[in-house]
């Protein structure tokens, strides 16, 4: 059956700021306390969406979350009106204010793990929301992510959206950032590669930075998504690269159809994994980047592998990269050698995503891949699909509501909270989502 990969990109939120909240993500730590530009960040993301849509790659948008997220501050014991809660937390515990104001939901590669209908036992598309248990600021995302996905994939005959796994470290799940699918045409059954960093009883794990994904979580997600057990491989990420800042697998590997583009040191027991994939995926091709050509540290600083690998109708592929790759002489030299070599990659597309990159999120972090048949695509909420009209409407919306300068101190401004809620209220109407945010259901609630 014919099917296409649709990239659902996260729209950067109004409170995009640099707080260094993500230990193990070296860009996040390095840019802590710098001044951010939320308006520019949102426009950089929108431009990537539009240019890819114009190039023939189906593209859609996932909205940001409500931030600052007052309900969690109330859970932490701060009382009063919303304005009083903001004032108290800014004075008494500003780190909590930064956490509940994080715009991290823009990295929708962590929103959920997807199983296309060709891979599932019941023939539906399955989406399991990630619990993002390893980081407090990200663990807040799951309930609203679930509401958003249910509003976008709202046909229950074709889509099953599953709640996140229980919020415990044993079941730490980071979504599609630790998941790849390999195979032939998108509509054919594929091999799902789940990548984990640790498992109970296995001492092979990183020592400097946390392994956020567990094997136990990956196995549970595969069950929830009803993936045919014959179409699943579980593999461990190399703990040494996690300790060098590879906090998700999509920082060291990316797949598309029959191709796996990865670093030579991406996986534990890599040669064994690649042999398994060759045996189980027709036409499998591994493009392994030698450590002698690109150090892991350079892969992390440029986000070479946090790229998008996209298929054209003729079978050739486009590699979508952040500008940092072009600015690194060694990485750019390797990429041009890759273009000249015998493989499906025939074009490099480079985007300026500096605002997101400074927080540790490249092109692949910003998108959730969903393989859909034509019938399934028609069942998706049409208002989220990127086209000229939506692009112009979203740019106008960003111009109207987003600030062009934000510091940690600005998060305590009650006007920022009001701006954010008004913006999201308008956005849910624009995207025909209904009331997906807690403030819409509760009327903003004082107390």
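Yeah, the Cβs are placed from backbone N, Cα and C, and that goes for glycine too.
For 19-28, 110, 137-138, 212, 250, 359, the entry in Swiss-Prot reads substrate binding site.
Same-chain residues at least 6 positions away in sequence with a Cβ under 8 Å from that of residue 174 (active site) are, in sequence order, 110, 130, 132, 134, 212, 213, 248. Feature annotation from Swiss-Prot assigns active site to 174 (among others).
Residues or ranges marked as active site in Swiss-Prot (evidence: sequence analysis): 248 (among others).
What Swiss-Prot lists as active site, nucleophile is 365. In the three-state DSSP scheme, residue 365 (active site, nucleophile) is classed as coil.
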For residue 19 (substrate binding site), which DSSP three-state class applies? coil
What whole-number Å value do you get for the CA-CA distance of residue 19 (substrate binding site) and residue 365 (active site, nucleophile)? 18
How long is the line from the C-alpha of residue 365 (active site, nucleophile) to the C-alpha of residue 138 (substrate binding site), rounded to the nearest angstrom? 14
